[in-house]
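First comes the structure, then the notes that go with it.
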C-alpha cells in the first residue's frame, strides 16, 4: 500500500533535501496543506514597478524574478479564468472583452458554486509539484504521488480544500498509487490515456530546474509517469519544459529553439523522436482546438502564445477555444507569464485570485532558491 500522508505541523523547511521519507502535510484554515521548504520569514517587498528590467524605447524586459513569478501566477490565473467556461464549445464563449473571472450575466457557467478566482485541479497539481520540488530538493515521484493522493482525498492544495474537476486518467492513476503501485508505474500507459493531466502541472519543474536540458527533459518525462505513462504525454511534457526554459531565457523564438533542443536530445531513430515527429508534429500550423488531448492542449497553448501580444490576450484566446478552457489557459498562461513577467498580468486578476497566501511562500522560496528577490503577486 502507498503511504498516505497525515497532516502534521512539521516544518517542511527543516526537511529540505532530507532522505526519501514521505512529505508531511499540515492543516490550515480547514484545508490540508504543507508549507514549502526554505520558506523565509516574510519581509516588506518594494513595489513591483521599482524592479523593472532593461528598457528599449517603449518596451521593457521583465527581470528573471518577474518571469519566474509570472510563470507560477500565470498558470494559476489562467486556470481560474478558464474554470467557469469549461465544457462550452467556442461558439458559446463570450467575446474577449467579456471573458473575466465572473462570466457575463446569463452565461451558463461550469462548476456552479465555485467562486470566481478559484484554480482547479490544474493549479492544485502544479502547486503539489512545486511544493514537492522545494521540499525534497529534487524530483521525487513517490513524494509527488503522495501529494496528489492527498489532493484527491484531503483537498491538499485545493482552494479551501474543495476538490472538483478530477480527470478520469488521474483518478485511475491515483487509485493505483494508493493501492501500492510505484510512482513510475501508476499512470496508465495506453494510447487512449493521453489526457493533459501531466502537462498541466509540469511548469514548476522548468522554473525550479537548473540542470542541463537533458536532465530537465528526463525529469519532465518522469514526473508524467505518476498519472500519464504513455510516451506521448512524456514527450509533450519534455517539449513544454524546454519551451518554458527558452522563454525564461528570453530567446526570440522559444518554441522553435525548444524543438531544436528536443531534436538534439532525441536523435532520429529514438522512440521519443518518433513520437514527436509523427504524433506531436510541433511545426504544424495553427491547429489547436482546446481539447483535453495532450497534443492538442500543447499546440493550442503554442497557438495562443503566438497570437497574443499580452498575457491577457493569450489567456483569453485560450478560453475562446472552448472545451477544456481551464487547462488550455493554464498551460498557455504559464508560458505567457514567463514571457511577460508577473507585472504584466492584469492587476484585477492578481487581486482576485483566491488563496494567494498558500502560493506566496512557495514563490518566495523558489526565487530565493534561484538567488532572486520575490515579486508580490497582489494587484490593485
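Using the three backbone atoms N, Cα and C, a Cβ is placed for every residue, glycine included.
Predicted automatically and left uncurated, TrEMBL annotations should be read as such.
Quick look at what TrEMBL annotates:
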- 1-53: region 'Disordered' (REGION)
- 33-42: compositional bias 'Low complexity' (COMPBIAS)
- 120, 121, 122, 324, 326, 327: Mg(2+) binding site (BINDING)
Tell me which residues of the chain lie with their Cβ under 8 angstroms from that of residue 324 (Mg(2+) binding site), as long as they are six or more apart in sequence?
86, 196, 290, 291, 292, 297
Given a separation of at least six residues and a C-beta threshold under 8 Å, show me what packs close to residue 122 (Mg(2+) binding site) in the same chain.
75, 79, 200, 201, 326, 327, 330
Which are the residues of the chain, 120, 121, 122, 324, 326, 327 excluded, whose CB is within 8 A of where the CB atoms of the Mg(2+) site average out, their centroid?
79, 82, 83, 86, 123, 165, 200, 325, 330
Out of 120, 327, which of the binding-site residues has the smallest number of neighbouring Cβ atoms within 10 Å?
120
Fewest other C-beta atoms within 10 angstroms of its own C-beta: which of the binding-site residues 121, 326 fits that?
121
